[in-house]
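Undergrad: TrEMBL lists these features:
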- 6-22: transmembrane segment (TRANSMEM)
- 29-49: transmembrane segment (TRANSMEM)
- 106-123: transmembrane segment (TRANSMEM)
- 127-412: domain 'NADH:quinone oxidoreductase/Mrp antiporter transmembrane' (DOMAIN)
- 129-148: transmembrane segment (TRANSMEM)
- 160-182: transmembrane segment (TRANSMEM)
- 202-225: transmembrane segment (TRANSMEM)
- 237-260: transmembrane segment (TRANSMEM)
- 266-287: transmembrane segment (TRANSMEM)
- 294-316: transmembrane segment (TRANSMEM)
- 322-342: transmembrane segment (TRANSMEM)
- 362-378: transmembrane segment (TRANSMEM)
- 398-417: transmembrane segment (TRANSMEM)
Amino acid sequence: MIATSLALPVAVPLLAAGSAILTGRRRALTRATVIAANLAVLALGAVLLHRTADGSVLTKEMGGWLPGVAIVFAADTFGALMLCTTSLLVVVCLVFAAATGDDRHPLFAPLTLLMSAGVYGALLTADLFNLFVLIEVMLAPSYALLTLTGGRARVSAGRLYLVVNLLASTLFLGGLAVLYGITGTLNLASLANAAREIPEVAVAGGILMLAMATKAAVVPLHGWLPRTYPAAGPAVTALFSGLLTKVGVYVIIRLYAVLYGGDPQWLWLVMAAALLTMVVGVLGAVGEHTMRSILTFHMVSQIGYILLGLALFTGAGLTATVFYLVQYVLVKAALLVCAGSVEAVRGDGRLDGGRLARREPLLALAFVVAAFSLAGLPPFSGFVAKLTLLRAAALDDAWLAVTLAVAVSLLTLLSMLKIWTGVFAGSGAPPVPADCGPARPERRAGPGLVWPAVVLASFSVLLGLGAEPLLVLSQTAAEGLLDTSTWVEAVRTP
């Protein structure tokens, strides 16, 4: 019964998208529909997580095709954790979108539901061609969401976003064609460890990884993200931060674990990309003068931390990666929701004339919690994540990685203090570029602007003070990535 429901995380948002189109401009009903659909997915994700918490894998064949040909959906601890995290994020961001007015366009709700369906499906599918289709289902609505209610700046950003992601998708499709030509299958379980045994498969897998690295904004393929995400609506940026690049990272982890079998000969390349991404991302934030532009560069930097655990490919490293990924989705979204709330209150996110903490103490508190967590300070979830990651790196004698990770954390803290000083505590930021335009009159932040940030930031406190349950689940997920035999066998014989 539970396995049969594996299609529901895709089916429910798709059906709700059709309903949202029919309700049209009846905004209250449409909002209720889109939130209810994602709450249903969150509830289902919780059930799947409960059933897979012991390392079990649930599978279901779709379409009635013969085994080996049929599309298989599979839920393990890692996939179920990500399903819960992403659906929770979508629900909170939808509430925030109602407050900012990002959802005022009648197509916002159906497009968000379509994007969510693609995300949820990508987390569950065990077929590479179906993965490609679901990623496109995720990306196609995102092109429209980026430019839905904007002017020339958003259209320009949308053009870059579209071109880069289409090129990455074309590259991914080409890699699939090469892989199918070599092996005759795109079932991921049938391809288990193939890249370790067949050099041509390793090359084809490298093409797939390169495409996903582009979508995940791994350095040096990151330049599109800081130039596009800040141009989107505040709620859309928060959604994108927790969904699109994180699906790319998730796929990289899954592919390396299953297709490459954790092949140690390529881990140096993953390590180099991880360290470069950490450093370049944090340095890119130095010259920025708005909240969202700074935070999007840190989005790049934090991807490096997640990849660092993969580069170690040990039990401790993968445990740290899973824990880091889950908590980071919520922390980064909290910061971007804070940035969006500041823009709604002040009219812009510039780092000048702040003192917002006096007028909006709850919003300021949410920012402090999320910012300290991003920098890795106790007692927040980011501290547990980075401590776990640093211990894993130290156990593997990766001292260069430890040194750079600590240095990047210190630079991250300086960036967060720069935002605090310029927006919440008072002025003192660098001169504002003239093309930022004049500031608009400030207003008070309503509950819809403040509470989404508070809710997301509160998870950082909960996961910091009560990290044990998530660490246990992360360890179970890591064991499933280190030894994929249970996942492979379940997918081969659903």
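Placed from the backbone N, Cα and C atoms, the Cβ positions cover glycine too.
Annotations in TrEMBL come from automatic prediction, not curation.
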Undergrad: Below 8 angstroms Cβ to Cβ, which residues of this chain, lying six or more residues outside the transmembrane segment (160-182), approach it?
TA: 128-129, 132, 135-136, 139, 142-143, 146, 191, 198, 200-201, 203-208, 210-212, 214-215, 224, 227-228
Undergrad: Checking distant contacts: for the transmembrane segment (237-260), what same-chain residues at least six beyond its ends satisfy Cβ-Cβ under 8 A?
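TA: Distal contacts: 78, 82, 85-86, 89-90, 93, 96, 112, 115-116, 119, 122-123, 131, 135, 138-139, 142, 145-146, 188-189, 191-196, 201-202, 205, 208-209, 212-217, 225, 229-230, 266, 270, 292, 296, 299, 303, 306-307, 310, 313, 321, 325, 329-330, 332-333, 336-337, 339-340, 481-482, 484, 487-488.
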Undergrad: Is the transmembrane segment (294-316) in contact with the transmembrane segment (398-417), using at least 3 Cβ pairs under 8 Å (sequence separation of 6 or more) as the test?
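TA: Taking Cβ pairs at least 6 residues apart, the transmembrane segment (294-316) and the transmembrane segment (398-417) are in contact, with 3 or more under 8 Å.
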Undergrad: What stretch, picked from 6-22, 202-225, 266-287, 322-342, has the most CB pairs under 8 A with the transmembrane segment (294-316)?
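TA: Comparing 6-22, 202-225, 266-287, 322-342: 266-287 has the most Cβ pairs near the transmembrane segment (294-316).
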